[in-house]
Amino acid sequence: MTILNHTLGFPRVGLRRELKKAQESYWAGNSTREELLAVGRELRARHWDQQKQAGIDLLPVGDFAWYDHVLTTSLLLGNVPARHQNKDGSVDIDTLFRIGRGRAPTGEPAAAAEMTKWFNTNYHYMVPEFVKGQQFKLTWTQLLDEVDEALALGHKVKPVLLGPVTWLWLGKVKGEQFDRLSLLNDILPVYQQVLAELAKRGIEWVQIDEPALVLELPQAWLDAYKPAYDALQGQVKLLLTTYFEGVTPNLDTITALPVQGLHVDLVHGKDDVAELHKRLPSDWLLSAGLINGRNVWRADLTEKYAQIKDIVGKRDLWVASSCSLLHSPIDLSVETRLDAEVKSWFAFALQKCHELALLRDALNSGDTAALAEWSAPIQARRHSTRVHNPAVEKRLAAITAQDSQRANVYEVRAEAQRARFKLPAWPTTTIGSFPQTTEIRTLRLDFKKGNLDANNYRTGIAEHIKQAIVEQERLGLDVLVHGEAERNDMVEYFGEHLDGFVFTQNGWVQSYGSRCVKPPIVIGDISRPAPITVEWAKYAQSLTDKPVKGMLTGPVTILCWSFPREDVSRETIAKQIALALRDEVADLEAAGIGIIQIDEPALREGLPLRRSDWDAYLQWGVEAFRINAAVAKDDTQIHTHMCYCEFNDIMDSIAALDADVITIETSRSDMELLESFEEFDYPNEIGPGVYDIHSPNVPSVEWIEALLKKAAKRIPAERLWVNPDCGLKTRGWPETRAALANMVQAAQNLRRG
């Protein structure tokens, strides 16, 4: 039984973000559709060749997407919302872009589809929309075309297809409500047609992704798998593919399916290999997801070998990445600024392919010398002073319950804060950032490249902060911000100023569409060598008599939007960040900053996939926030901000944060999100966002007043703040001024009654 290797998918964007540049050029009308398609062909050919050269046996085809793979599947099935359809009923790449972005070079603009997180990753997918009575048919042949492309290049191909049950699970019903699972029988004929076409092309194995099988699914959804896969069997061999968690809780459902193989994530799941081997049908292939597709760390291949060696020769076996390598940067070799020691600890997508080749060869031959050589830097890292800081570890171990408690309860603090700030009813503020103009971005870039000295850079930033204060005073806002001109990204900025993080030059990963992010990497214990935000906050406060908020990104968000260490728990990392930022709160307070905002937009999105694991996560997530904030005195007002999400199932935890004021995104839900706070009888102050900053549209005074009156029916007016939904970084100054002027006017009208 020869062991093969494969990946579940490969990054799409290109080493230099070629796909992003081609997409945005096409959207702007600066290049043709054919030029865009040519970039896609070139990237696919390059990525297949790179994987093959790195030693991958079976190449994934169908993992490439022009915007998002869930959206690609929707088009494959003919699932195009009516507002995005071409008049002649055809489907083309602009149809896809209209669904993803709301507009494209051709066709009428229409509201984009909803976007949300892909399971518990930082990748986003476009949510399929379902309406009663809709029809499905094969309308978008991208998968088949790309299989033809790869076969023509002589590759050994393994098509990748998102499975029918997971695709339905990820979608939402629009309009008249019905059970979306009832659509399953309507989409199966399209899947049958696709599998038949693949069989005609001589395809042996198809990777059919059903990550929903790692969730705690309702019984009706689990029951749907058997009839679905009964309908799909027989044309090609199916590798049922799961990831992001283990499958043991749903293994009875899985083993009843007529498939020929199962892929399991042996990195994030707690599945026992021996138990899997015992319970899987003996003629099934097991694809062992041993190499972490979601992180950047070199694998301990001697450990991975030991994990799987006992079943070698006992069943058909492949070794693989735990999930698609989409979530990893492409190539470590182009990182020239990382020092040799730190660089030796990492493996990006291409290096992970090499790891799979080494592992396959060792399992086939029994010779593990190459594995030991590869794993040597991991042993060295365990003892590196870059990783371990005894002072941080000692401080973390000394945390007591008192460290996460404010001195007094909210009611006492609120009285002290009212006496200090004397704010009017319906106080107005913004969430933190102001427009990042071309001038600001150029200033930062010139400084980063060494084209501008520190003095001139600081003078430039100070001028932009001064402008932000002048603008806010002119508008009549009550609580001001400094505008964050010095910050490129709310996580990267803090990572750059904390020990324990490193940054890459080209470590880009796709977030959605053409948006890529370059997450910081946590390599060791985290500490704050010097104050981070104090100087600019103090300067901004010196320009005005009104309170200026200090602005921090919270510990859970910094954790969730970084590549974490694997040698300590996420809880440990979050609490180390919390302790570092606790010192920042104390220093801001000492500098005269009386209102400090600690943003936690990622608190909810960091939830584990299984609800049974939520309590433990929320307990340490809340504790980390409180450690960060609890050093503040009674008359220092702590704010937090959370982006658009469902709050009702975590209201206990939101209240437990004990922030004096929480600002939330609510305008898109027409204040309906406040229902959770009303039902819970949330005791502290709330700033429900009164307009959507993602749109350039300027809300009218009447619109904002109406929303605030609606909010006051749910939350007592004396506990309401008036603010936009989110930061204003991506907006231009003209619409920002106009929208904020109307917001301030609406608040003033309500004060007059």
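Numbers run from 1 along the shown chain.
Cβ coordinates are placed from backbone N, Cα and C, and glycine is handled just like the others.
Look at Swiss-Prot and you will find His694 tagged as active site, proton donor. Proximity of His694 (active site, proton donor) to non-local residues of its own chain (separation of 6 or more, Cβ distance below 8 Å) is seen for Asp725, Cys726, Thr730, given in sequence order.
Every protein chain considered, the tally of other Cβ atoms within 10 Å of the Cβ of Leu19 (5-methyltetrahydropteroyltri-L-glutamate binding site) stands at 24. Swiss-Prot lists Arg17, Glu18, Leu19, Lys20, Lys117, Arg515, Cys516, Trp561, Glu605 with the feature 5-methyltetrahydropteroyltri-L-glutamate binding site, giving sequence analysis as the kind of evidence.
Other Cβ atoms within 10 Å of the Cβ of Ile431 (L-methionine binding site), summed over all protein chains shown, number 24. Secondary structure at Ile431 (L-methionine binding site), as computed by DSSP, is coil. Among the features that Swiss-Prot reports, L-methionine binding site is placed at Ile431, Gly432, Ser433, Glu484, Asp599.
Here Swiss-Prot flags Ile431, Gly432, Ser433, Glu484, Asp599 as L-homocysteine binding site.
The local packing around Cys726 (Zn(2+) binding site), expressed as other Cβ atoms within 10 Å of its Cβ over all shown chains, amounts to 27. Marked as Zn(2+) binding site by Swiss-Prot on the basis of sequence analysis: His641, Cys643, Glu665, Cys726.
In space, Gly432 is the closest of the binding-site residues Arg17, Gly432, Cys516 to Glu665 (Zn(2+) binding site), judged by Cα positions. Comparing the Cα of Glu484 (L-methionine binding site) with the Cα of every entry in Arg17, Leu19, Lys117, Cys516, Cys643, these being the binding-site residues, the smallest distance points to Cys643. Its Cβ taken as reference, Ser433 (L-methionine binding site) is surrounded by 22 other Cβ atoms within 10 Å in the chains shown.
Taking all protein chains in view, 25 other C-beta atoms sit within 10 angstroms of the C-beta of Gly432 (L-methionine binding site). Nearest neighbour of Gly432 (L-methionine binding site) by Cα distance, taken over the binding-site residues Leu19, Lys117, Cys516, Glu605, His641: His641.
Following the DSSP three-state reduction, the secondary structure of Glu484 (L-methionine binding site) is coil. Each residue contributes its Cα atom, and for Lys117 (5-methyltetrahydropteroyltri-L-glutamate binding site) and Cys643 (Zn(2+) binding site) those atoms are 13 Å apart. Each residue in Thr430, Val481, Met490, Met551, Gln597, His641, Gly727, Lys729 lies on the same chain as Ile431, Gly432, Ser433, Glu484, Asp599 and has a C-beta within 8 Å of the C-beta centroid of that L-homocysteine site, without being one of the site residues.
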